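Participant: Sending over a structure as structure tokens; questions will come in a sec.
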Amino acid sequence: MSTSTYSNGEQVGSLAIVVAVAAGAGIAVGLLFGFTFPPLGKFKGYRLEPVIKKVQVPSLIVMIILGCIARNLFGKVMDAYPTLWTSYIRSICLSILLIRGGLQVTFQGKGLIVAFLAFVPQIFEAVTIALIAYGLFDMPMSLCFAMAFTISCISPSVMVPGLINLSDKGYGKEKGIISSLIAAGTFDDIICIICFGICKTIAYNDGKMSSDKTLEVAIYVLILENIAGLVVGFIMAMVGNIFRLFPKTWVTMHLKMWYCIACAIAFVIAGEQSKWTNSKYIASLTFGYCSYRVWGEDKPTRELGWFWWFITPLFFGSVGAALLFKTIRNSDIGYGVICIICGLIIRLIVVIILAQFPRGQLNNREKAFMAFAWLPKATVQAALSAVILNDAKKQKNVEMEHYGNIIQTVSIFSIVICAPIGAVLISTFGPLFLSQSKKQEETIQIEDDDKQIEMKDMEIEVETSKKKDQSIGPGEYSRKLEETVGGIDIADEDNQENMNTYSSPMKLKMEF
């Protein structure tokens, strides 16, 4: 039954259930495996220490799984789940991530390796998946490649936070591994989105879903869409120059954040309403990249990080809820897993080969980590998986709807398989395989030494006070206590200040 037959309240209620379940799952996993509150303003961030320390399991994994369970097992209330709304939500979330990625893109002399990492692995993976899918699913080749480019994207929502966390601790900084992976990952996504748009255009033309357009006209329109996205993103970034007139305060930084969010929403809505759907993501990345050049280091990356932190249950819960068990064939799952695993194997091999250049710069462990970091899939798959299915439903094309359902199923399963594996590998093997910068290592060691010294001082003070209490009798102890209280009552302000100063062990140590 279509969700349009339900009231807005029913649709909001079903979506709220999914988000609440996903948020609860994220909190529970954060308590078990640790959670990092991102820095903002004067707040330097906080790391909630994990109960389980040997393996790190990101909360997004359980959010996706619980969102899927809520959609499929919570009864009739979930029949009103708003699939159209959530497709917009996932697109807006991807747009925000692309803007955030564009704000962080720096090449710093690593343009060649970034270009190779962004382009070569995904092409090999996409070709592998497309050829296998053509033999297993009996789909047109254009749709096989559309599915392949949907799956072969890496996920900035999984990869970037994990890499930034490692970078903050000093891992992989000296050789520029982290910055290269983040820059390449951003362009990897945009290349996949462009290639997906080309394959989708060809498939729509073959499946008679492109109205009266010929293939040549459809390709020209697609090129115009991408150019329009570049122009609109550039113009909106130039409009951001107005913030340079404002004082450099936290208010200005938050205004920049809301400007970025407003642009992300506007790009998605404008792209969908104008039918130039491919332009919205090009505009988002261009806007982020050009805004960085306009604002410099006064960019709202931390503020956007906080906003993303709050909307993760909405995004990842809706990703899991996109999978409807009753529409899945068993063969689709089996064939899809084969395609995903074969594509991952090829991607791993290609990344390790690319990491050989320049020779001698990276050791084997660092090459292996680069391959691991290239595994997660989530954001792009969530945003693109239902595009063909939704378009087919609008045009009531039964055959294309069947193919679209296959693409959505395999794409969501690629998230379920690759997101947890990639996230666990990044968080677990990052500190083991990457070298830590000496300055960061010394800072951490000094902090640990200070904590140990402070704990030792506190233990000595406790032992000393116990011995003093034991050395006097009860009567004498009461008399001394009365004298102390009386002395405090008659002390003037100066004496009171001195007494407070030297009655505190920490202040006494500072005075000494």
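Glycine is treated like the rest: Cβ placed from N, Cα and C.
The annotation transmembrane segment is assigned in TrEMBL to 12-35, 55-74, 80-99, 111-134, 140-164, 176-199, 219-243, 255-271, 306-325, 337-357, 369-389, 410-434. According to TrEMBL, the domain 'Cation/H+ exchanger transmembrane' annotation covers 52-416. According to TrEMBL, the region 'Disordered' annotation covers 462-506.
Can you tell me where each of these features sits in the structure?
Facilitator: Sequence-remote contacts of a segment are chain residues at least 6 beyond its ends whose Cβ falls under 8 Å from one of its Cβ atoms, and for the transmembrane segment (12-35) they are 47-53, 55-67, 69-71, 74, 77-82, 85-86, 312-314, 316-318, 320-321.
Residues 17-18, 21-30, 32-35, 81, 157-158, 162, 312-313, 316-326, 378, 415-416, 419-420, 423-424, 427-428 of the same chain lie 6 or more positions beyond the ends of the transmembrane segment (55-74) yet place their CB under 8 Å from a CB of it.
Counting residues 6+ beyond its ends, the transmembrane segment (111-134) has Cβ neighbours under 8 Å at 141, 144-145, 147-149, 151-154, 180-181, 183-188, 191-192, 195, 335, 338-340, 342-344, 346-347, 350-351, 354, 357, 370, 374, 410 in the same chain.
Sequence-distant contacts of the transmembrane segment (176-199) (same chain, at least 6 residues past either end, Cβ-Cβ under 8 Å): 98, 101-102, 104-108, 110, 113-115, 117-119, 121-122, 126, 142-143, 145-146, 149-150, 152-154, 156, 159-160, 163-164, 166-167, 219, 222, 225-226, 277-278, 281-282, 285, 362, 366, 369-370, 373-374, 379-380, 384, 434.
Packing against the transmembrane segment (219-243) from elsewhere in the chain are residues 194, 197-198, 201, 213, 252, 255-256, 259, 263, 267, 270-271, 276-291, 293-295: each is 6 or more residues past its ends and has a CB under 8 Å from a CB in it.
Packing against the transmembrane segment (255-271) from elsewhere in the chain are residues 88, 91-92, 95-96, 99-100, 103, 229, 232-233, 236, 240, 243, 246, 277-281, 283-284, 287-288, 291, 295, 298-300, 303-304, 307: each is 6 or more residues past its ends and has a CB under 8 Å from a CB in it.
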Participant: Using a Cβ-Cβ cut-off of under 8 Å, list the residues of the same chain that are 6+ residues beyond the ends of the transmembrane segment (140-164) and lie near it.
Facilitator: 58, 60, 93, 97-98, 100-101, 104, 122, 125-131, 133-134, 172, 178, 181-182, 185-186, 188-189, 192-193, 195-196, 199-200, 202-203, 206-207, 308, 312, 315, 339-340, 343, 347, 373-381, 384-385, 388, 403, 406-407, 410-411, 414-415, 418-419, 422-423, 426-427, 430
Participant: Between the stretches 80-99, 337-357, 410-434, which one has more Cβ pairs under 8 Å with the transmembrane segment (369-389) than any other?
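Facilitator: If we count Cβ pairs closer than 8 Å to the transmembrane segment (369-389), 410-434 scores highest.
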Participant: Same chain, outside the transmembrane segment (410-434) by at least 6, Cβ under 8 Å from its Cβ: which residues?
Facilitator: 55-58, 60-61, 64-65, 68, 133, 147, 150-151, 155, 158-159, 162-163, 165-166, 169, 171-172, 177, 319-320, 322-323, 332-333, 335-337, 339-341, 344, 365-366, 368-369, 372-378, 381-382, 384-385
